[in-house]
Structure formats: structure tokens, C-alpha cells
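These notes are about the structure you will find just below.
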Protein chains: 2
Amino acid sequence: LHGRIRIRRFLQLMKHVLIILGAIFLLITIICIQLVRASSHRIPKRTHKDLVEGGVVSMCSPAFNRILPPASGERPLIIIITPTHARPTRLADMIRFAQTLMHIHDIVWLVIEDGDALSDPVYRIIRRTQRAYCYFGVKRNRALPLRGWTARDFALKFLRKRFAEFSNRAIVYFADDDNTYDIRLFDMFIRKVKTVGVWAVGIVAQRPVEAPRVNNDSVVDGWLTDYAPKREWAIDMAGFALNLNIILQRKNANFIDCKVSSPEPCLLSRLNLTKQDLQPFGHADYPRDILVWHTKSSHLIKKGLMKRSYGYLIE
Amino acid sequence: LHGRIRIRRFLQLMKHVLIILGAIFLLITIICIQLVRASSHRIPKRTHKDLVEGGVVSMCSPAFNRILPPASGERPLIIIITPTHARPTRLADMIRFAQTLMHIHDIVWLVIEDGDALSDPVYRIIRRTQRAYCYFGVKRNRALPLRGWTARDFALKFLRKRFAEFSNRAIVYFADDDNTYDIRLFDMFIRKVKTVGVWAVGIVAQRPVEAPRVNNDSVVDGWLTDYAPKREWAIDMAGFALNLNIILQRKNANFIDCKVSSPEPCLLSRLNLTKQDLQPFGHADYPRDILVWHTKSSHLIKKGLMKRSYGYLIE
């Protein structure tokens, strides 16, 4: 009998021990999850020295470092490349663009500063989007005609290394911070690009609109513009997006080797593209809405007054 | 026995009838709900002739017509008043502003067109926000110095009729379509306004920033600006919001009776306000972020080329 009681007591004890152990295990798990979460809110400062040449600083979100190629059933990723530089209207322009991107999911935002110093107000705007991002500072290549070229050339190199495994599961769009984007542009046009997508851009080249001209077979055979419409590429950077695959396959395409022309025909001709490769969007819609506008903010500030900012942040 | 069988059969029948009736009732209920839903998507064209003087056209969302004063535990409503007029950059400006408002809840957007013809592209932009809105066309009062005055004066009259029962449960903000709004402005500043809230505005009056000057007792005692800082109201329309109560109480305040000065001091002085009534926001924050910018889009279009729009929508 004593033996049985002992066994019973032992089992009772074991039961309590197991319950306590279980509770402790649960507690540790919860604490671990909280710790992991808390640490993922910290923004790691790291330089992508392994990915790109020297002279580049970068701040990437934890979400960026976790990004993997989408499976074939999933929506492809949109990689947005934004060259930017300090100017009085920059923070306002970046706020508007960031708030536009906050409506779009499954995107990566690569912001490339003109110079190797990152701007803290810009960084905070980017971070508030809660999107996957990298903010780079890239020293300008003075041999290139305009400042945006260095940034876009850096972006092509970075894409070929960081997104090498993404094949056709991502689309690349060069998006300036002062343009106006209708949020429908991203999922109705860009997300569907299999090769090169093209569409109308409003208020560009001192004209109300420039757009691809589409023939009855839905093939682009020219450009709707009265300014040199016979040009091979009468298109603004905001008017096209590229399937990543095209950039990965044409490894030599860059913004360096054709310094004389504007950047759009430079890139598109070096990618070995013809108008027949283009996918036109929006030309058959009714009404014919423009979904991206090449807007510019006026610099309304009198010279010599830039320093009167009373501790408020302005660039 | 026969009787019992009959009763049983009758009960059986009644069971079936009840099931069928139940099913039909359920079906009708579902159809009714669907019909009500479908009808609520239709936008009723109606003129607020009962609310305002003649010569006004309006399109209001069903959500607008359902709006009631928030209970005291609920967040107050923000009423946003936007005068607008056709110009080449208008659609782009409206797209950006509409997409900003799509981040904010518990708002009503009153858009007032300069003239009695409504713009269909603008209407579609407003409708896509899925916010409660009214889009008005109000014929300009040529006696007033600038076109925005007619719209804002109309808005004051409309507020005093449609929102008469809202007491202090709404805040009124005059927001131009080309300004830049950080989404934090709405819930961190405007929503908390008990009397008159004031804050910094970026890129205004040809200066990087104008802001209220706040003394150690957190009272506004002047203005941070080097352009006539001794003015009673050195503030832009974007830099303040009013608790609805103030507009309801001061029934005579309008934009008509002081034609010479700019609209901000006109309204604020006619509302019988002093600087001591002001609630300053953002002055003690670190960093001192600007949450609203008086941006302007450049009109980059060459004269005579406005008609080259190839069927795409531009104004």
C-alpha cells in the first residue's frame, strides 16, 4: 500500500513538475518572440561592401534583408529606384511619394542619394513607409552628364547582384521623387510587365502628354508627341518599367557608355530592345487616364533666406 | 389509426412548408441586403438648394449624407475644405492630395470648384478616395479679390447649415489641393484642436518656413518669420485649423467684408480671436518636423501646345 501511495504521490509530483515546466517553456517562447520582434525594429546600419564597389553607404530595412524571390503563384515584386538630391522642396516631394508608396504592397524601394552623406529627415520618411527599403549614398561620377545617371547605374549593378536569383519575378521601375503617381499605375500597369511596359506620361517635355502610339495589332509603332516623334525612344523614365529578367540577361547594359544622349534611349538601346518588344498599357482604356505625371515643385524661396528655418527641418 | 396517420402526414407537410418558407424568407433577406448595398453605390446627383443659395451644383457621396455628429467618446470629425480650379497641373495635384487623404479616417472632404461646371476627372479622383465627400461648383463672386475666397465663403455658410448640430465634434481645415501634407498632420495636430490650432508651414511667403512663436508658458506671442513678424496673423491658410464650434458661434464671420487684406487675417480677426486663443502644435517636438508645405507645381507646358493631348485627360 505504502508503495502505491508513493507511486501516486510521485505521479502527482511529476504532473505538477510537467505543468510548471510547460508554463516556463511557454513563458520563454513568448519572451523570445518579443525579443526577436523588438530587435527587428532596430535598423541595422550596414554597408553593402560585398555587393558594390567602395564609397557607398547604405541603410536597409530588416524586411529588405529577408526578401526572397516570389514563388510562381505569387505576385511579382516591384523594385522602385529613386535617385534623389537635397533641395528646398525635397522633403515635401519625398513625403508625397512615400505616402503614395504606402498604398502599394509587395514593393522594394531603393532610394539613392546624390553623394555619400545620407539625410536623416529623408531616412525617417523612407522608414515610416514600413516598406522594404535600402537607402544608399553613392558618390557622383562626375564623368556622367547628370546626377541621376550615377544613381541609376549603381542601381543596375546592385540589382544584378542582390536580385540575381529573382529571374522574371520582379519588375524594375525608375521613379523620381517629384513625379506624381496615381496608385493604380503600380498594380494595373507595372505589376503586369513581362518584358517592357510603356504608358503615357503627363506634363513632360513641355507638352501636356507623351504616349506610345499603338497600331491595330496592339503593337507600339511610334510615339504620340509632336516633338521629334520619329525618335527611336520618345519616352520619359516615368513612362516605362522593365521585367528584371531583361536587366539580368543583358549584363552589359548601363548608363555609362553613351554619355551624349538622354538616359532613356541610352538604357533602352543598350538593352537591345525594339519597339516590338514593348507592352503598351492604358491606350485602350476609357477614359484615357494619365497615371503618372512628370511634375516639378517650384522653388519659391528667395535667395539668401534659406537659413531662416528657426530649427525646423528643411534642406 | 387513419386519423393519426393523417395528423402525422399533416405535421410532415407543415414541416416542409415551414422549411420552404424559411428558405424563401432567407433568400428575400439576402436579396434585399444586396439591393440596398447596390443602391448605396450609386452616386445620387442632388443640389443642396435647401442648404445654400442658387447657382450651386453638387455631388455628394452616400456616406456624406449619412454623417451624424460623433458621440463624445468618439474621435471628432475633420472637415477638409479644398477650393480648386482647372489648370494643367490640377489633376496631378488632386491625385496626390486624394491619395494622402486615403490614409486618414473620420474625415469629410468638401471640394469646391471655381465655377458651376464640375470636372468629371476630378470627380472620379474624389470618388476613388472612398471618403465622405461633397463636390460643389460655385460661381465665382467677382467682387472678391481671389478665386479661393468665394469657395471658402460658401464653405462657411454650408458648414453652419449642414453641420449645425455638430457643436465641438468637428474640426475645420482649409486645405489647398497643391500643398503637401504629411499624414501625421491630421491625427497628431488637426484632430486635437479644441479652439484654433496653429503650426509651422514650409516653403511659404518665399521663405523656408513660417511658424508660431511660443513663449515659456506655451502661449503664442508672435510669429517666427522675418517678413513683417509684427503682423497680428503671420500665418498661411495651411497653418491653422478651427474647431467647428468657433465657426458656429461667430455667425457673422466671413470672407466678404474685408476685401483688402489676405484671407487668413480676414477670417481670424472676424472670428474675434486673439493669439492667446491659439493652441500651438509641433514647436516642442524633436526633431522639429514640418508637417505641411505650401508647395506649387510648375506649369511646364509650352504655350499653344495644350491641345496636343491625344485623347488623354488633362485640364
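For all residues, glycine too, the Cβ spot is worked out from N, Cα and C.
These features come from TrEMBL:
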- B:E264: active site, proton donor/acceptor (ACT_SITE)
- B:D178: Mn(2+) binding site (BINDING)
- B:E210: site 'Interaction with galactose moiety of substrate glycoprotein' (SITE)
- B:16-36: transmembrane segment (TRANSMEM)
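TrEMBL feature annotations superimposed on the structure.
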{"residue": "B:D178", "record": "Mn(2+) binding site", "Cβ contacts under 8 Å, 6 or more apart": "B:T89, B:D93, B:F97, B:T295, B:K296, B:S297"}
{"residue": "B:E210", "record": "site 'Interaction with galactose moiety of substrate glycoprotein'", "Cβ contacts under 8 Å, 6 or more apart": "B:A200, B:V201, B:V204, B:W223, B:L224, B:T225, B:Y227, B:A234, B:I235, B:D236, B:G239"}
{"residue": "B:E264", "record": "active site, proton donor/acceptor", "Cβ contacts under 8 Å, 6 or more apart": "B:W233, B:I235, B:D236, B:M237, B:F240"}
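In the three-state DSSP scheme, the residue listed as 'Mn(2+) binding site' is classed as coil.
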